[in-house]
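Trainee: Copied straight from Swiss-Prot:
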ACT_SITE  THR12  active site
BINDING   GLY167, CYS170, THR173  Na(+) binding site
Amino acid sequence: MNTNDPVGWHGTTILCVRRDEQVAMAGDGQVSLGNTVVKGNARKVRRIGNGNVVAGFAGATADAFTLLERLEAKLERFPNQLERACVELAKDWRTDRYLRRLEAMMAVADRTHAYTLTGNGDVLEPEDGIIAIGSGGNYALAAARALISVDGMTAEDIARRAMKIAGDICVYTNHHVTVEIL
């Protein structure tokens, strides 16, 4: 996926926020085909790895599910080693003739680490514990970074508020938000 081309990202916003001992992964429910909303309650955030890992995806749905299945297989091979599983998936994604054609991005997190995975072979861990991908990702990221300094807000509170802001701004993001908490 050309991560510089927002056209490939239409239809999703995924946000991961880590604060204190809590991790919240949120995703909106809108699926768009061109300029048309075809579904408003899609579930783009999932628990994987025996429930110890949360993953969110942006991009082509079939491609994202293929990558999610591959990541689950890597987690079975490398239990409790999210970083290693992500690196192994990224290597496969980059070098496999079939996988490298997949157009999706993933945000994955466990209780201690969070990563963005791209088809370019990137496994990126944020410095501030916040990841955002998809068409509304930059809006959600900016909102979450502003809200992280507010005392008394949990990771879930920040994720929900930032997703609302992203949904207010991005036409490819709606307010039907799914949140998974670790």
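Numbers here mean position along the shown chain, with the first residue as 1.
Glycine too: its Cβ is placed from the backbone N, Cα and C atoms.
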Trainee: Just the number: how many Å between the Cα atoms of CYS170 (Na(+) binding site) and the residue listed as 'active site'?
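Mentor: With the alpha carbons as reference points, the distance is 9 Å.
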Trainee: Name the secondary structure element type, per DSSP in three states, that contains GLY167 (Na(+) binding site).
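Mentor: Once the DSSP labels are grouped into three classes, GLY167 (Na(+) binding site) ends up as helix.
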Trainee: Looking at Cβ-Cβ distances, which residues of the chain lie under 8 angstroms from GLY167 (Na(+) binding site) while being 6 or more apart from it?
Mentor: THR13, ASP28, GLY136, THR173, ASN174, HIS175, VAL177
Trainee: Counting only residues 6+ apart in the same chain, whose Cβ is under 8 Å from the Cβ of THR12 (active site)?
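Mentor: Spatial neighbours, sequence-distant, of THR12 (active site): GLY27, ASP28, GLN30, VAL31, LYS44, PHE57, ALA58, GLY59, ILE133, GLY134, SER135, GLY136, TYR172, THR173.
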